[in-house]
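Notes to accompany the following structure.
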Amino acid sequence: MFRNITTYRADIDGLRAFAVATVVFYHAFPAAMPGGFVGVDVFFVISGFLISSILISDMNEHRFSFFGFYGRRARRIFPALAACLVVTLAYGYVALTPSELAQLGKHVFFGAGFLSNIALWSEAGYFDTAAIYKPLLHLWSLGIEEQFYILWPMLLWVALRIKANIARLFAVLFVVSFAVNIVLSTINLSDDFYLPISRFWELMAGGGLAVFGRSAQTLRGRFIGSFAGAAALLCSVVLFTPGLRFPGWYALLPVAGATALIFAGPNAPLNRTVLSSRAFVAVGLISYPLYLWHWPLISYAYIVRLGKPPTPLMGLAIVVASVVLAWLTYRFVECPVRFGAVRRRNTVLPATVLALVGICGAVVWAGKGFPERFARLPGVDIQKIGAARLDADFKPTAGMALTEHDWTLIARLGSGERKVAFGGDSLLFHFGPRAQQLSDDGRLAATAFFVTGPRCPPVPGVIQEDKFSGCGDLTGKLLDLVRREKVASVVLGAAWSGYSAQGMYIERDGKRLPLTTREGQDAFYASLERFVSLLRSEGAVVYLVLGLPSGALFDPRNMVARSIGGFRVSPSVDAVVRVSELRVVLADTDARLNAIGARTGAVTLDPFPDICGTGSECSPLFGAGEPKFSDQSHLRPAFVRENLHFLDGLLE
């Protein structure tokens with residue numbers, strides 16, 4: 001049998017307060033708390049400890065029942081979740097376009113079924129909707145916890161029935177989950193982040209304290225556990241950044257910190273004086289509804305402001321509003337169901353309400369976001385705007401034959417004797433539809449090869465420490481293709497100015513130089529120049545595509561203006577931007593590319609006239625009011641097919 005650990009611990013409510021505060025402030029003020037996302041991992045450890053403690057106590061006393069256990073979970077979790085889902089969906093009806101509302105309906109449906117992590121995992125990819133436009137994104141962690149709550153009690157119950165070695169079972173499950181986490185962190189970060197198998201070890205870290213009945217028994221042990229745990233958590237919050245390959249090995253630090261604090265016990269110095277203080281405990285008691293409310297408020301603030309971050313004052317107001325909503329939810333929704341008359345009358349009621357909310361989400365999803373809501377809006381076709389948002393994907397055209405397709409893609413189109421290779425990221429690959437159009441029209445005289453990958457620049461030595469680290473040796477593959485196929489012309493293109501973010505580096509002389517620095521940028525373009533020279537030495541004519549126009553004006557999402565009260569037609573539908581303003585943004589990048597061309601004999605190609613015309617102004621629309629772009633920087637295939645002629649001379 002196990003040892004019981006069921007006494008209420010105020011310090012754990014205090015630890016909940018720390019966890020939710022770091023998450024909320026990370027989302028509201030990301031620059032001030034770059035590692036605040038680890039608060040979710042702290043929640044996992046706490047949940048694993050508490051749930052395992054409850055299970056072990058009930059099983060030891062032979063009063064465990066699945067109905068009783070899941071009934072308590074339903075009364076604890078369902079009411080606040082249902083309230084949050086209803087309000088979020090109702091406001092989405094006012095504030096979201098049809099495609100956005102349809103996705104929200106989908107997320108309400110999966111959120112009510114505690115499968116948000118699976119839904120978000122299925123959507124993950126280069127062209128996935130940005131996190132700030134998903135008001136229920138944060139429910140992924142609730143999905144992980146509930147999936148653990150389903151499996152862990154069953155495993156413990158079966159293990160006790162068959163008198164299995166619990167310690168061995170626990171160790172095997174923990175090691176397997178952690179090993180899967182490490183492997184996936186090197187292969188696919190989305191899998192590692194969202195899948196339960198790679199996250200269960202975090203809950204089991206807390207569960208292990210309950211399974212083995214361990215806590216610090218000496219003053220020294222309490223002191224070390226308390227201060228070491230706090231130090232680990234503070235280091236995680238301060239030193240971690242969103243660009244890390246997280247969870248992976250990095251998650252060990254916050255998980256170990258939270259585990260150490262729980263292990264230290266309620267009488268440890270920091271646990272007794274800080275975590276058990278009235279302020280920490282008060283926040284801890286509302287931590288669950290506070291977590292639920294904060295992200296929809298932040299997400300809608302971004303949406304209403306057309307993607308612009310909330311101002312510091314707005315961020316503070318959102319935090320205050322989240323706390324108020326959390327207290328109201330705790331006082332008038334959660335407590336009556338858990339402890340009041342509702343609990344005595346009917347434990348099925350919370351599950352029924354949540355199921356009905358999930359059905360409402362499914363109806364909205366199936367109804368494609370009810371586009372008829374916007375029939376009254378003059379001057380803009382919401383359907384066209386919604387279609388433009390969905391008109392982006394990193395995939396080959398119908399006529400392309402693939403020779404490789406993992407993170408990077410190698411594709412072939414046509415069978416002409418003359419060979420042309422395109423190498424670069426998604427901004428280079430979205431010229432593919434024009435080559436396909438030439439092929440469909442019988443005008444493609446060359447064989448076109450595409451060696452591309454999402455956010456994979458054609459620059460040797462670039463390292464990216466996030467989910468876009470799968471580019472591999474793209475330039476090596478391109479060089480091999482040039483040699484093997486005797487390629488006559490090579491076109492290199494990328495979102496050149498975009499390679500200057502946190503988590504991006506260039507290797508030079510065995511050192512990693514951040515691309516956020518001038519030295520890193522100099523090394524980036526020096527590496528590009530060496531690669532161009534190498535291609536030239538192979539006999540290929542090299543073409544460098546200069547920067548493409550981009551910006552918030554071009555994003556279809558911004559073609560409707562929003563307010564707290566709803567929609568109006570955005571001025572950007574009829575607005576234009578001066579080409580000179582777009583050129584200024586790309587001045588440094590284009591100057592570097594032109595200089596490389598002058599030194600190496602490469603030819604620079606300017607896509608601006610095909611995208612913006614030859615005048616002084618650039619419209620975000622083409623044809624019958626169709627957006628040219630699918631987001632701020634990616635051109636739509638339909639626009640590319642009919643309008644991008646600057647590469648025709650290489651292919652005809």
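Cβ coordinates come from backbone N, Cα and C, glycine included.
The shown structure was predicted, so the numbers you read here are calculated from the model rather than taken from an experiment.
Copied over from TrEMBL, here are the features:
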- 10-331: domain 'Acyltransferase 3' (DOMAIN)
- 12-29: transmembrane segment (TRANSMEM)
- 35-56: transmembrane segment (TRANSMEM)
- 77-96: transmembrane segment (TRANSMEM)
- 137-159: transmembrane segment (TRANSMEM)
- 166-187: transmembrane segment (TRANSMEM)
- 193-212: transmembrane segment (TRANSMEM)
- 224-243: transmembrane segment (TRANSMEM)
- 249-268: transmembrane segment (TRANSMEM)
- 280-303: transmembrane segment (TRANSMEM)
- 309-328: transmembrane segment (TRANSMEM)
- 348-367: transmembrane segment (TRANSMEM)
- 412-640: domain 'SGNH' (DOMAIN)
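Residues 2-6, 12, 15-16, 18-27, 64, 69, 72, 141, 144-145, 148-149, 152-153, 156, 199, 202-211, 233, 236-242, 246-247, 251, 253-255, 257-259, 262, 291 of the same chain lie 6+ residues outside the transmembrane segment (35-56) yet bring a C-beta within less than 8 angstroms of a C-beta in it. Taking the domain 'Acyltransferase 3' (10-331) as a whole, pLDDT averages 92 in the prediction. Note: the stretches the transmembrane segment (12-29) and the transmembrane segment (280-303) are in contact (3+ CB pairs below 8 A, sequence gap of 6 or more). Contact between the transmembrane segment (137-159) and the transmembrane segment (280-303) is supported: at least 3 Cβ pairs lie under 8 Å, counting only residues 6 or more apart in sequence. Counted as Cβ pairs under 8 Å, contacts with the transmembrane segment (280-303) are highest for 77-96 among 77-96, 193-212, 249-268, 348-367.
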